[in-house]
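Participant: Positions annotated as domain 'FAD-binding PCMH-type' by Swiss-Prot: 21-180. Marked as active site by Swiss-Prot on the basis of sequence analysis: 159, 280. Marked as active site, proton donor by Swiss-Prot: 209.
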């Protein structure tokens, strides 16, 4: 594989590349510098784990074999009311570019950590909006060819997309937005960020919401608090005292600590109200 296309690191600790600050070494950590480099890396390592910004990942303490990181694939440009981005671009930077160009539609996503690719993979959402609301098309690599799919082909639903049942790699995507007043966009974004800061442990290492919401009127954090688990700690992993839907790393948490907390929460919630919680965080 051409090193001009990719940077390659050996035995790279994944804790340096995940928002949880957890994870053992990747035997090979491959960082493509272009879409062509990404396709080249995928052709050499078709079974590699794909890592964007690492904000929704719990990596194992034992590490993994090969990781391909999209962090350097962050080009982004505006074409009238479309924003076209490579898959590694941060959602934060895309929201900022939208506001700077007076484009509305991504306000809900301001403050969601992670990459464009990860957001589409999970159909990320918050505050009444979802990524599927604004996706126009996605360019993907299926292991043999590059193809462009429009929104109707992506099988979006709550925290789901077609990419969770395929090995297709998201290369780039376009978001269809609308012209609006820049000040109104910025005000909406800042209001959402303030709400995040007030309600979520954004100053602590975590992977965001651990569990999917099982129903419109079911609030996971509230139930966890009701059954007395808020603040529960295993090793250096703790159910956040600020928002019980989050597990935070107090310093030296291990993946095994987090998994034990997840098991406790799921068991107690099932016992309390009969609901089997589904994970939103992705466990490698």
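Here the Cβ of each residue, glycine as well, is placed from N, Cα and C on the backbone.
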Participant: Count the Cβ atoms, other than its own, that fall within 10 Å of the Cβ of residue 209 (active site, proton donor), considering every protein chain shown.
Facilitator: 20
Participant: Restricting attention to the domain 'FAD-binding PCMH-type' (21-180), give the mean pLDDT.
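Facilitator: Summing pLDDT over the domain 'FAD-binding PCMH-type' (21-180) and dividing by its length gives 97.
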Participant: Do any residues at least six apart in sequence from residue 159 (active site), in the same chain, have a Cβ closer than 8 Å to its Cβ, and if so which, in order?
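Facilitator: When sequence neighbours closer than 6 are ignored, residue 159 (active site) has 122, 123, 124, 125, 212, 280 within Cβ distance under 8 Å.
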Participant: Around residue 280 (active site), how many other C-beta atoms are within 10 angstroms of its C-beta?
Facilitator: 18
Participant: Going by DSSP, is residue 280 (active site) sitting in a helix, a strand, or coil?
Facilitator: coil
